[in-house]
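Remarks on the structure that follows.
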Amino acid sequence: MKMILFRKFRVLILMVFLIACSMHIMIDLLPRLERRAGGSCSCPHGPSEEPRDRAEPGRSSKHTLRILQDFSNEPSSNLTSHSLEERPEAAHRPGPAGQSRGSRGSPGQGSNPRPGAPAQGSRLSALFAHPLYTVALPALTDEDTLFNVNTDIRFDPKAARDEDKARAGELSADSYPNWLRFHIGINRFELYSRHNPVIDAMLADLAAQRITSVAMKSGGTQLKLIMTFHNYGQALFKPMKQTREQETPPDFFYFSDFERHNAEIAAYHLDRILDFRRVPPVAGRLVNMTKEIRDVTRDKKLWRTFFISPANNICFYGECSYYCSTEHALCGRPDQIEGSLAAFLPDLALAKRKTWRNPWRRSYHKRKKAEWEVDPDYCEEVKQTPPYDSGFRLLDVMDMTIFDFLMGNMDRHHYETFEKFGNETFIIHLDNGRGFGKHSHDELSILVPLSQCCRVKKSTHLRLQLLAREEFRLSVLMEESLRRDRLAPVLIRPHLEALDRRLRLVLSVLADCIEKDGYSSVVEDDMASGFTLVGGWWGRKWSSAA
């Protein structure tokens, strides 16, 4: 009996000991559990981000002179913030076809701080080091720059109150946001210089800056959004409407074709490779439709078009002339959507632009044809009409024609120039979304201006010949350049191969012109020593006999 009691007592002591140990372990683990629980709250923002900010009431969604004068001059104004690419889960987010973003070949997803900068030893860096891409521009005067007063005083109210410091150089434009530095750098000859580091920083901003407000852009046939960033910069957002593999249906007219976001991205890179530098910087971005559009817009008309599809995807359609309906809604997967973001040019209140009707504009009619389509001597009439009767303008239209043909863009009805520079300036290549629609078809009617006029700049002709060589093949350079975009691959292989094919067709048309009219009559020497752009080309008159 005593033995049984002793054993029960031992068991009791052992149980008490085990309970005490368990309580000690639980007490020791409690702080760790609390720390872990603090990282998985059920609040609307993620564990590593701050609560989502609504657009501040004091911030205007318009890019006005007031914003240029009173923008935040914080040291962090050029830093990206609150971007999807910075979050750990971003590397595994689904792409437009449901696959992981990491499987699309995008280079590092944020590991490359300069998405537009070519790698050392690349073909692209070799191209930009070629003598044809290092030709210096004339020295800029006040009349050649878009903003020609002291930039510190013009754009910084603090500098305006203290001109002595500005003259002493104590205030630097390096603290300005990248979009403002881009605007300040625009001049008579180019939107941006060849090796301007601000452009690469701009591309990074477009892809990652926090979006503070969104509104629909008025006008136009298809939905476009104006997005304002944390640093007061603005960009035009074109959402994805087609997959990269889809071609424009053969029965579509050019004026009812979709506007493609990847065409806008590719057009910027093509323009840069051709050394035109007339397309504002464009970058691809994966946008959260809930957090970065619906939750920050004040546009009630846009907000009301959001809905959840039967597949539980977030969709919206906005208001526009074409394809803005439930049947043509833009849907995310489940709320992520690709798009292109094109940097805004300076506001018209600061830098007015003049809109010109393209002489080779199409009829935009199902049955009627334009005059140039039925009159083979149409160019002779154009060459007698200002501003095409002198200077660079006709040659710039030929550049634009080549640019559009390489992309397959038939929708070039107007173009713009900066009013300050008069007729003696370049053409801005805006609105390129209807390019890269058909890789299996080359639209030769786009080349009619070139075949009718038989005029081209020597610099353009030499660069085209260079890009036709194996070591600088256009398709390879485009593939390398586009690889740096966040949405890479931007173009599928057939579109890249079409670029090489169309380049050969352009050179063939020019060869026929040279054989017919002679080299000196076709190729205009814009590289002759002693010629200045203002005193040479822009003072020269065309003659019909030339």
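Note: Cβ is positioned from N, Cα and C throughout, glycine not excepted.
Unlike curated records, TrEMBL annotations are generated automatically.
Here TrEMBL flags Asp411 as active site. Within the same chain, residues at least six positions away from Asp411 (active site) with a Cβ under 8 Å of its Cβ are Tyr254, Phe255, Asp257, Asp431, Arg434.
The Cβ of Gln222 (ATP binding site) has 21 neighbouring Cβ atoms from other residues within 10 Å, across all protein chains displayed. Per TrEMBL, the feature ATP binding site maps to Gln222, Lys238, Glu259, Ala342, Ala343, Phe344, Leu345, Glu416, Asp431.
Here TrEMBL flags Glu259, Asp431 as Mn(2+) binding site. Take the CB of Glu259 (ATP binding site) and look out to 10 A: across all protein chains shown you find 25 other CB atoms.
What TrEMBL records for 47-59 (among others) is compositional bias 'Basic and acidic residues'.
Annotated compositional bias 'Polar residues' per TrEMBL: 70-82, in sequence order.
Summarising the annotation, TrEMBL assigns compositional bias 'Basic and acidic residues' to 83-92 (among others).
Annotation source TrEMBL lists domain 'FAM20 C-terminal' at 306-523.
Look at TrEMBL and you will find 38-121 tagged as region 'Disordered'.
Close to Ala343 (ATP binding site) in the fold, though at least 6 residues off in sequence, lie Trp179, Phe182, Met202, Leu206, Gly233, Ala235, Pro280, Pro281, Val282, each with a CB less than 8 Å from its CB.
Counting only same-chain residues at least 6 apart in sequence, those with a Cβ under 8 Å from the Cβ of Leu345 (ATP binding site) are His183, Ile186, Pro280, Ala351, Arg353, Ile428. The Cβ of Asp431 (ATP binding site) has 23 neighbouring Cβ atoms from other residues within 10 Å, across all protein chains displayed.
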